[in-house]
Amino acid sequence: MRESATATDDADGDEEGLIEGEAETTEASGRPYLVGAAAAVTLFAAAAGYVVAANNAVPAVTVFGAVTLPGSPAAMALYGAVLSLAVLGTLFGLVTVASRFDDDAVN
C-alpha cells in the first residue's frame with residue numbers, strides 16, 4: 001500500500017522534494033544589495049556635505065580637533081564620502097569575518 005504524497009514530495013514521490021538534476025541547496029548572496037545600499041549612503045553623505053558647506057561661510061573646519069579641512073563644498077563632499085565609505089567598509093568587513101565563524105551554527 002502506497003502512502004500519500006506530502007507537500008515536500010516531488011513528482012517521483014521521493015521525500016527529498018527535489019526535481020531531477022536540481023542542486024540540494026541554493027545559496028543566494030545579499031552582497032549586491034549591500035553594495036547598492038553602501039553606494040546610496042555614500043552618495044547621500046557626499047551630497048549632504050556639499051549642501052551644508054555651500055550654505056556655510058566657514059573658511060575651514062576642524063574635525064575631531066585633529067584635522068583641519070577647507071570649508072569648500074567639494075572638500076566637505078569628499079570628506080562625507082570618505083567617512084561613510086570608511087564606516088561602511090569597517091562594518092561590512094566585520095560582518096564578513098563574523099560570517100566565517102557562524103557556518104557551523106547554520107548547518
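Note: Cβ is positioned from N, Cα and C throughout, glycine not excepted.
If you look up TrEMBL, you'll see 9-25 marked as compositional bias 'Acidic residues'.
Per TrEMBL, region 'Disordered' is recorded for 1-26.
Taken from TrEMBL, the feature transmembrane segment covers 33-54 (among others). Same-chain residues lying 6+ beyond the ends of the transmembrane segment (33-54) with a Cβ under 8 Å from its Cβ atoms: 71-81, 83-85, 88, 92.
Per TrEMBL, the feature transmembrane segment maps to 74-98 (among others). Sequence-distant contacts of the transmembrane segment (74-98), counting only residues of its own chain at least 6 positions beyond either end whose CB sits under 8 Å from a CB of the stretch, comprise 34, 38, 41-50, 52-53, 61, 63.
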